[in-house]
Amino acid sequence: MAPKTETKAGAGFKAGVKDYRLTYYTPDYQVKDTDILAAFRMTPQPGVPPEECGAAVAAESSTGTWTTVWTDGLTSLDRYKGRCYDLEPVKGEENQYIAYVAYPLDLFEEGSVTNLFTSIVGNVFGFKALRALRLEDLRISVAYAKTFQGPPHGIEVERDKLNKYGRPLLGCTIKPKLGLSAKNYGRAVYECLRGGLDFTKDDENVNSQPFMRWRDRFLFVAEAIYKSQAETGEIKGHYLNATAATCEAMLQRAQCAKELGVPIIMHDYLTGGWTANTSLAHYCRDHGLLLHIHRAMHAVIDRQKNHGMHFRVLAKSLRMSGGDHLHSGTVVGKLEGEREVTLGFVDLMRDDFIEKDRARGIYFTQDWVLLPGVMPVASGGIHVWHMPALVEIFGDDACLQFGGGTLGHPWGNAPGAAANRIACEACVQARNEGRHLAREGGDVIRAACKWSPELAAACEVWKEIKFEFETIDTL
């Protein structure tokens, strides 16, 4: 007969459920330089203490689970657990807190944005004790930032490649975004580039559809680029969207672009995924291609004030994963974006070192050390009357994208492009002369209209067009 065995609780293990805060709420914790820090906007369910909710967020996004497990004794929780180290009530909101959580560096795979976000936001957002949860900001430690390649080239290298300095770059998204044949698409690209724009762009959902297969588009666009370069004497580019159903197909499209000799390609980094984007960024670094990033799907994640992730977090993820351009909103156009908040994450994209500034939504000081900067792209419902504000808000290191604001010109694409180029150069000259664009921008544009019929026609078409709605995502 087999001997009877008796199960006893060991000295280091007691089965059952205990409050998260007993292990994961540590207000006395001293944050380490190597820690990854997160700021969550947290709304507990009625009756749930904020300390318990903050601890639950730390636990469920690191080492914890709903009950005590005996395998806790096989590792060091003090070394690996996340810690909620501070709770801050949100002013003007009832039962809402900013929970600050510190994660040890060893929890994350080096150079993997996918692993970082799988851990921090992968599971905890569905936790029943929380009514809502939003990741407002992350502090990426220097030690972790150094494990990423980041953008393939960065702002300075891009300007050297294009030989364009002292002004914002100008672009245009080809419209209609779907339905054009490859030949007509290439014709639209050529007209915009010869008119004075630096770039044209595939829209985010232009991949390889029956009406225009990707290889046909690439060939006609390359022809348009070379023809416009020969006519203008300037380097031109088109963001050829390499986003595809598989990583293999994506890299095949990138290789085709490289062989055609075009300067830049494009990727939808949220719908395509961080792993695919990082792979493409490495390919672009190795083969001399610039990488334009579209943020399609971002508003599903970031638009609601109480739940999801703020775009500043998505922007940081892109700087780590890799991209030379990133759409960032316009402040003045048709898409959501408060001025101070937008400028906060634009600085996080471009600058090497950014101080904590709660007035702009920046919860942590961020040091990017070796990672190149990302050029913000202002796109969505902008036209020539917006140019003074755009130059004043974004400065030189930005790409201003006028889709309808180019193709909607009453005289055609090339005059529309010329109108935007003239408006941009007039605003830059006025700024360099010391004029205040926020106050005098309208006068600057009207003065330029006197010698530019293309600009005058554009100003007449869009003189009454405004997008004035209350911003949803405010500080």
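Just so you know, glycine gets a Cβ as well, placed from its N, Cα and C.
Checking the candidates Arg213, Arg215, Arg295, Arg303 against Swiss-Prot: the one annotated together with Asn123, Thr173, Lys177, His327, Ser379 at the substrate site is Arg295. For the binding-site residues shown (Asn123, Thr173, Ser379), fewest C-beta neighbours within 10 angstroms: Asn123. Between the CA atoms of Arg295 (substrate binding site) and Lys14 (N6,N6,N6-trimethyllysine) there is a gap of 48 Å, rounded to the nearest whole number. Counting every protein chain shown, the number of other Cβ atoms lying within 10 Å of the Cβ of Glu204 (Mg(2+) binding site) is 20. All protein chains shown were included, and the count of other CB atoms within 10 Å of the CB of Arg295 (substrate binding site) stands at 24. In terms of Cα spacing, the recorded positions Lys14, Lys177, His294, Ser379 that come within 10 Å of Glu204 (Mg(2+) binding site) are Lys177, His294.
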